[in-house]
């Protein structure tokens, strides 16, 4: 019964992506069923077409790509032909674009020259994030249903040897104001699949993400999307098979709509982590997550906030002591299967010592959170618990609501861990504290 539902849901999303190839200039009309927090600007029509040349012999095609972009910038369409493979071995800064479409019908493949990419990929100034390219400007669309391949296997193996290497992100959407991304197939990213930074009014529609390691070395940190310092973003109608957050709202993400996603193998749809860097102010507000299927994952709804004292999860992930707020966050309608936590809210992220976390509570507040209409079954890994809502102090969490949460463990239990939170606002079975 579950398998039938999963297959029908996934195939439905893929069908949505396929029909999106009839590209719509009206981004607002393309959004549904929910509409974005603010109207998305309409894309202008294009009046010329440029086809990208390819060497066809494994040689770097970056010069051909830049030539076509310059030729068709300001009102044109650049086509990556269906029967061609395009090799990118050069870091491309494409933030100069305006009123242009990139129609990807063929395959774009990044080289596996790890020394070059570590030295030349674009450093984004957040959590060691680097990108193969930077796509930005104004009214830029990238669609067509073709494939973008990050050649990730060499990076998965290298990261197993040295977890401080700089692994490029497949899609760097940097400084884009007005754009549509998708439909596209994204494969084998070395790290995140999307890093959306300093951008606004962007629609992601019909993205098919997949790429697992073919060796014993896992593909790690392969988030589907990370938004950062970005506003009015829509992510919808997509299928994500990965090994980390399906979507993650990083610092200063505002007015974000996520809807109609099928996530498999992920760490959930996450706010944060936030408060990682001392003396920095992180804000995430006005986020609506709707109609999600989450399978074989660690979490569904997740809010991750660092405590007020420094702590460390690993050599490349440590911090705590930052301030800010999480406000007006809604998770509405989710089907889960084999997920460890249906809901996980913590202000002790990275700190295993709960006593120390409570002694130095987070300076980042969580308020006005609504989680509703969840159904399904957990993995049972946390039996008898199916969720956890743990704040570091009652003064730093307020107005957290849950309703219609019909989630059980395989054994039929539905217990929650609740700490420093107003249980009268929760419709769940709080039976334990984090102590």
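Even glycines carry a Cβ here, placed using N, Cα and C.
The active site, proton donor annotation in Swiss-Prot covers 244. Cβ neighbours of residue 244 (active site, proton donor) (same chain, under 8 Å, six or more residues apart in sequence): 192, 220, 221, 222, 223, 266, 267. According to its DSSP assignment, residue 244 (active site, proton donor) is coil.
Distant neighbours of the compositional bias 'Basic and acidic residues' (45-55): 25, 61, 64-65, 67-68, 71-72, 75-81, 84-87, 99-101; these residues of the same chain sit at least 6 beyond its ends, with a Cβ under 8 Å from one of its Cβ atoms. Annotation comment: Swiss-Prot describes 45-55 as compositional bias 'Basic and acidic residues'.
Taken from Swiss-Prot, the feature N-linked glycosylation site applies to 93 (among others), supported by sequence analysis. Residues within less than 8 Å, Cβ to Cβ, of residue 93 (N-linked glycosylation site) and separated from it by at least 6 positions along the same chain comprise 122, 133, 134.
Remark: residue 112 (N-linked glycosylation site) has 151, 154 as non-local neighbours, by Cβ distance under 8 Å and separation of at least 6 in sequence. Marked as N-linked glycosylation site by Swiss-Prot: 112 (among others).
In the three-state DSSP reading, residue 128 (N-linked glycosylation site) counts as coil. Among the features that Swiss-Prot reports, N-linked glycosylation site is placed at 128 (among others).
Annotation source Swiss-Prot lists N-linked glycosylation site at 198 (among others). Every protein chain considered, the tally of other Cβ atoms within 10 Å of the Cβ of residue 198 (N-linked glycosylation site) stands at 17.
For residue 252 (N-linked glycosylation site), the same-chain residues lying six or more positions away in sequence with a CB closer than 8 A to its CB are 228, 229, 230, 282, 283, 284. For 252 (among others), the entry in Swiss-Prot reads N-linked glycosylation site, with the evidence type sequence analysis.
As annotated by Swiss-Prot, N-linked glycosylation site applies to 264 (among others). Counting every protein chain shown, the Cβ of residue 264 (N-linked glycosylation site) has 21 other Cβ atoms within 10 Å.
According to Swiss-Prot, the N-linked glycosylation site annotation covers 291 (among others). Under a cutoff of 8 A between CB atoms, and with a sequence separation of 6+ in the same chain, the neighbours of residue 291 (N-linked glycosylation site) are 33, 259, 260, 261, 332, 333, 334. Secondary structure at residue 291 (N-linked glycosylation site), as computed by DSSP, is strand.
Neighbour count (other Cβ atoms within 10 Å of the Cβ, all protein chains): 16 for residue 296 (N-linked glycosylation site). Reduced to three states, the DSSP call for residue 296 (N-linked glycosylation site) is strand. What Swiss-Prot lists as N-linked glycosylation site is 296 (among others), and the listing cites sequence analysis.
Among the features that Swiss-Prot reports, N-linked glycosylation site is placed at 328 (among others), with the record citing sequence analysis. Cβ neighbours within 10 Å of residue 328 (N-linked glycosylation site), excluding its own Cβ and spanning all shown chains: 18. A strand conformation is recorded for residue 328 (N-linked glycosylation site) in the three-state DSSP classification.
Taken from Swiss-Prot, the feature N-linked glycosylation site covers 353 (among others), and the record attributes it to sequence analysis. Listed in sequence order, there are no same-chain residues at least 6 apart in sequence whose CB falls under 8 Å from the CB of residue 353 (N-linked glycosylation site).
In the three-state DSSP classification, residue 406 (N-linked glycosylation site) falls within a strand. Sequence-distant neighbours of residue 406 (N-linked glycosylation site) (same chain, 6+ residues apart, CB-CB distance under 8 A): 374, 375, 376. Look at Swiss-Prot and you will find 406 (among others) tagged as N-linked glycosylation site.
According to Swiss-Prot, the feature N-linked glycosylation site maps to 429 (among others). According to DSSP, residue 429 (N-linked glycosylation site) sits within a strand segment.
Counted with DSSP, the repeat 'PbH1 1' (199-229) comes out as 0 helix, 14 strand, 17 coil. Residues or ranges marked as repeat 'PbH1 1' by Swiss-Prot: 199-229.
Marked as repeat 'PbH1 4' by Swiss-Prot: 326-347.
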Candidate glycosylation sites 128, 198, 264, pick with smallest Cα gap to residue 328 (N-linked glycosylation site): 198
Candidates 128, 198, 264, 429 (glycosylation sites) with Cα within 10 Å of residue 296 (N-linked glycosylation site): 264
Among 128, 198, 264, which are recorded as glycosylation sites, the nearest neighbour of residue 429 (N-linked glycosylation site) by Cα: 264
Cα-to-Cα gap, residue 198 (N-linked glycosylation site) vs residue 264 (N-linked glycosylation site), nearest whole Å: 28
Residue counts (helix, strand, coil, in that order) that DSSP gives for the compositional bias 'Basic and acidic residues' (45-55): 0 helix, 4 strand, 7 coil
Packing count at residue 128 (N-linked glycosylation site) (other Cβ atoms within 10 Å of its Cβ): 15
Inter-residue Cα distance where the pair is residue 264 (N-linked glycosylation site) and residue 128 (N-linked glycosylation site), in Å: 26
